[in-house]
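Colleague: Structure in structure tokens, see below.
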Amino acid sequence: MQQITVLGSTGSIGCSTLDVIKRHEQRYQVFALTAHSSVDALVKQCVEFKPQYAVISDGTRLDELQAKLSASGCGSQALAGLDGLVFVSRHEDVDTIVSAIVGSAGLFPTMAAVKSGKKILLANKESLVMAGKAFMDAVKDHNATLLPLDSEHNAIFQCLPQSYQTLHGAGVEKILLTASGGPFRSYPVDELKFVTPDQACAHPNWSMGRKISVDSASMMNKGLEFIEARWMFDAQVDQIQVVIHPQSVIHSMVQYADGSTLAQMGNPDMRTPIAHALAWPQRVQSGVKPLDLFSVARLDFEEPDFERFPCLRLAMTAAREDSTLAAVMNAANEIAVDAFLNNAIRFTEIATVVENTMSKVASPVTTDLEEIVAIDAEARVVAKSLITR
Ligand code: NAD
Ligand code: MG
């Protein structure tokens, strides 16, 4: 029995994870579930999965959570705040953490699991973007196991030899990171400034939370994934190539020295990478239908357009730096996306806010988490000031 903590269980990845877990009651037991503020959704999950702990990160909702858990009779104990998240991430009874909180709020709870040598199934790409070197050093130092949930990184992982030391040693020449291009791949560029949050969140192939949906529409998501891949696979920046593939059937590829290109394919459903990482190195049912190649019919590929997607260019610039530029970029992006979702700025202003914040905030080289968090906080203040002006 694997004991599992799902951080961010009420979100899109969290719900898909629980859907896979409930198909395999003999293999997986839920130890803890966490949500930010959606008490009712969390209690409903506790009634179904009976975890030992339920954590609400918004501490003002603790009394409400406690009352609703006791009324439900599910027996889960209520905890709150960052302390609660960290407690269920590093608890000695836990084997596996599913890191599915959105944004920088995922950093500390995920690092707590890494530093306790757990198996980490990582969806929260923002933690690798913010603190890539510190994160990967901690994985090594604490003998943690890092498995990617992001579909592209999971695909790359599946296309690599099972135990490899370095990409070079494994004969890897290139990582081909695929991108759908999102809802605005062929939308008129001059009209992008008028698109609404709902249009940006209407992804053609994937159903996801609103923040990552906007990131996909701006292609900042691919930029974050570029940085994620750099750290996760210890890749050279020039070894990673972004390939637009509108059908989202190939989830990424690895090119080898002998001319072989390996691809992982499947229907666009996060339950496949989740089931892969949960069962690794075995395979289990995920509930995802097998790929029907006749209905897919064709696979297209295009080069990315950096004029249309300036956020991708910004992220690829940050990826080249060993400094905290990526953390500054990530923080500014979180503020800008939130402002766009609240109709405070236009879609096209997301890139402007991010770029101007990147040029205004100092980004020294550091692996000190407290320092990184302070830089993140400063970038948020600057990004907000750019928005109110
Ligand atoms: P979501 O918005 O659907 O869910 C986010 C979860 O995090 C919820 O449970 C929410 O309660 C919790 N949360 C939000 N703010 C929090 C805070 N400040 N503190 C603690 N918890 C908080 O998001 P999602 O789409 O499931 O994405 C989660 C993560 O997975 C993101 O990092 C995203 O980039 C990554 N990811 C998602 C997908 C996808 O298909 N949805 C694919 C790849 C990677
Ligand atoms: Mg992805």
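Each residue, glycine too, has its Cβ placed from N, Cα and C.
Below are the features I grabbed from TrEMBL:
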type    : residues                                             : note
BINDING : T10, G11, S12, I13, N124, E126, G209                 : NADPH binding site
BINDING : K125, S151, E152, S180, H203, S216, N221, K222, E225 : 1-deoxy-D-xylulose 5-phosphate binding site
BINDING : D150, E152, E225                                     : Mn(2+) binding site
DOMAIN  : 4-132                                                : domain '1-deoxy-D-xylulose 5-phosphate reductoisomerase N-terminal'
DOMAIN  : 146-233                                              : domain '1-deoxy-D-xylulose 5-phosphate reductoisomerase C-terminal'
DOMAIN  : 265-380                                              : domain 'DXP reductoisomerase C-terminal'
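Quick one: how deep are these features, and who are their neighbours?
Modeller: A C-beta separation below 8 Å, combined with a sequence spacing of at least six in one chain, links G209 (NADPH binding site) to G11, S12, I13, V102.
In the three-state DSSP reading, K125 (1-deoxy-D-xylulose 5-phosphate binding site) counts as helix.
The C-beta environment of E152 (1-deoxy-D-xylulose 5-phosphate binding site), restricted to residues of the same chain at least 6 apart in sequence and closer than 8 Å, consists of L177, T178, E225, A229, H251, S252. DSSP gives E152 (1-deoxy-D-xylulose 5-phosphate binding site) a helix state.
The residues of the domain '1-deoxy-D-xylulose 5-phosphate reductoisomerase N-terminal' (4-132), classed with DSSP into helix (H, G, I), strand (E, B) and coil, number 65 helix, 28 strand, 36 coil.
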Colleague: Relative to ligand 1, which of the binding-site residues S12, K125, E152, H203, N221, E225 have a Cβ found under 6 Å from one of its atoms?
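Modeller: Listed by sequence, the hits are S12, K125.
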Colleague: So which binding-site residues are near N124 (NADPH binding site), with CA atoms within 10 Å, out of D150, H203, N221?
Modeller: D150
Colleague: In the domain 'DXP reductoisomerase C-terminal' (265-380), how many residues does DSSP assign to helix, to strand and to coil?
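Modeller: Taking the domain 'DXP reductoisomerase C-terminal' (265-380) as a whole: 64 helix, 2 strand, 50 coil.
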Colleague: In sequence order, what residues of the same chain, 6+ apart, have a Cβ less than 8 Å from the Cβ of H203 (1-deoxy-D-xylulose 5-phosphate binding site)?
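Modeller: Non-local contacts for H203 (1-deoxy-D-xylulose 5-phosphate binding site): S180, G182, P183, S213, S216, A217.
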Colleague: Round to a whole number and give the Cα-to-Cα distance in Å for the pair D150 (Mn(2+) binding site) and N221 (1-deoxy-D-xylulose 5-phosphate binding site).
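Modeller: Approximately 11 Å lies between the Cα of D150 (Mn(2+) binding site) and that of N221 (1-deoxy-D-xylulose 5-phosphate binding site).
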Colleague: Looking at the binding-site residues S12, N124, which sits with the largest number of other Cβ atoms within 10 Å of its Cβ?
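Modeller: Highest number of other Cβ atoms within 10 Å: N124.
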Colleague: These are the binding-site residues: T10, N221. Which one scores highest on other Cβ atoms within 10 Å?
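Modeller: Highest number of other Cβ atoms within 10 Å: N221.
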